[in-house]
Every structure is written in C-alpha cells, then in structure tokens.
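Novice: Attaching a single structure in structure tokens format; questions to follow.
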Amino acid sequence: MIKACIFDLDGVIVDTAVYHYQAWKRLANELGFDFTEHQNEQLKGVSRVRSLELILGWGNVSKTPVEQTELATRKNQWYVEMINRMQPSEILPGAKEFLQTAKAAGLKTALGSASKNSATILERVGLLPLFDAIVDGNHVTASKPDPEVFLKGAEALGLNSAECVVFEDAIAGVQAAKAGSMKVVGIGSPEVLTEADLVIAGLHEMTLEKLQALDLLQK
Ligand code: BG6
Ligand code: MG
C-alpha cells in the first residue's frame, strides 16, 4: 500500500533547471565554448561534479581535480545568487497543492534530490514545512541512477520501497526509482521518460486517484 510520496526538487517542485543552465553556460563561455539546450537535458538529475565533467568533455577542455573543484564552486556561487532571490511564485503549477493534498490524506512526504542547495530553495519558496524528510546531495555518496537517495528517503520515513511513489523529471531519476523497486511518476514527456509507470506534464495533473491506481499496477 502506498504510504508516501518522494519528490525530486529541480523540475518537479521548482523550475531551477533554468538557473543551473544559466550558471553552467556562463562558466562554459568563460572557458571559451558553449553548449546547447539539448545537451543541457543530460545534466538534469546529475550531480554538480558529474555535470562539470560532462561540460568540460563537450568543450574538449581538460582541468586538474583542484581546478575542477574551483570551477564547480564558482558555478555554485552564481547559482546560489540566483536561488537566493527565488519567490514562492516560482513553485511549479500544482506542486504545493498536491503536497497539501497528499499530507491531508495522511501520506508522508520526502524530498529525494541530487542538489546540495535543496534546503535553501525550499526555505525561499516556503515549502519546507510540507516535507517530513529531506534527503539531498549532502546525504548521499552515489548519484542517480543509483537508488541511494530514494532508499534513504524511504528509510527516513520508516517505510519500505513498495510503500513509496517517486516523482521525477529526469531519466536518471526515473531509473534510480526503478532500481530502488519503487513506483515512479514521470514529470514531462512519455517519449523521454519511457520507464516511468505513469507520465504527467506536471503535478497540477496529479490526483489521489492516480496514486491509488499505481498501487494496483503490476510492473
Ligand atoms: C539536480 C539537478 O537536482 O541537482 C542537477 O537536476 C544538479 O542539474 C544537481 O546538477 C546538483 O545540484 P546542486 O544544487 O547541488 O549543484
Ligand atoms: Mg529533476
């Protein structure tokens, strides 16, 4: 029986993907190259360190580990400047409402995000009180598609995998949920999130009925 919802943050609760993109683009431009919005899709759900490796690869740029740490820190400073100005109006449509609906129905809620900035973002947009547990990039050693972040989310809620449904917009995140034997609702396009049990355009399309239907689904 489903007892909890575990939400990814970027692209599910808030649209911070655009800020990540702007900050990475600025860094790439300073290094003398650029990358496309299409390439940016590959960065979704991926850790900061891995994102930098991918971007340096696209630009054919090689950096020492010390330089890479410095570059990732610089990108994060720009990103933090942007998220520090975030407003509650930047919550994605239906996200707050579905969190409230789930909690009112007695379901537990957790965050399962790769970001190390999740607490800042949730605080800025005023959603922190709607989560029973927060598991993010500060608490895991393995990145999505490894299931660690979602398994730790379930554990923090005192539940097992079969009792949790994950909400994810990234392919790596959907794979992580599946690897953790959890049902997963994809946020985005069914052509992209092919492994999800259900795909919706956003949390504004989510209902308790759809959640219950997932319980009956054998997959
Ligand atoms: C994920 C984003 O949620 O968090 C990625 O989809 C990002 O784009 C990752 O790289 C890590 O975020 P942060 O805030 O720790 O740099
Ligand atoms: Mg995401």
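Keep in mind that glycine also has a Cβ here, set from the backbone N, Cα and C atoms.
The Mg(2+) binding site annotation in TrEMBL covers Asp8, Asp10, Glu168, Asp169. The substrate binding site annotation in TrEMBL covers 8-10, Trp24, 43-48, Ser51, Lys75, 113-117, Lys144. The feature active site, nucleophile is assigned by TrEMBL to Asp8. According to TrEMBL, the active site, proton donor/acceptor annotation covers Asp10.
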Novice: To test your reading of the Mg(2+) site: which residues beyond Asp8, Asp10, Glu168, Asp169, same chain only, put their Cβ within 8 Å of the Cβ centroid of those residues?
Specialist: Phe7, Leu9, Gly11, Val12, Lys44, Gly45, Ser113, Phe167, Ala170, Gly173, Ile187
Novice: Ten-angstrom check, please: count other Cβ atoms within 10 Å of the Cβ of Arg48 (substrate binding site), all chains counted.
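Specialist: The answer is 21.
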Novice: For Glu168 (Mg(2+) binding site), which of these binding-site residues sit within 10 Å, Cα to Cα: Trp24, Gly45, Lys116?
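Specialist: So the list reads Gly45.
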Novice: Compute the C-alpha separation of Asp8 (Mg(2+) binding site) from Lys116 (substrate binding site), stating it in Å without decimals.
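Specialist: Cα to Cα, Asp8 (Mg(2+) binding site) and Lys116 (substrate binding site) are separated by 13 Å.
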Novice: I'm trying to understand the geometry here, so how far is the Cα atom of Arg48 (substrate binding site) from the Cα atom of Asp10 (Mg(2+) binding site), in Å to the nearest whole number?
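Specialist: Spelling it out, the Cα of Arg48 (substrate binding site) and the Cα of Asp10 (Mg(2+) binding site) are 13 Å apart.
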Novice: So, in DSSP terms, is Arg48 (substrate binding site) helix, strand, or coil?
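Specialist: Helix, per DSSP.
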Novice: Where the criterion is a Cβ under 6 Å from an atom of ligand 2, which of the binding-site residues Asp8, Asp10, Lys116, Asp169 meet it?
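Specialist: So the answer is Asp8, Asp10, Asp169.
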Novice: To see if you understand the setup: which same-chain residues, six or more apart in sequence, place their Cβ under 8 Å from that of Gly45 (substrate binding site)?
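Specialist: Asp8, Asp10, Ala114, Lys144, Glu168, Asp169, Ala170, Ile171, Ala172, Gly173, Ala176 - these are the non-local Cβ neighbours of Gly45 (substrate binding site), listed in sequence order.
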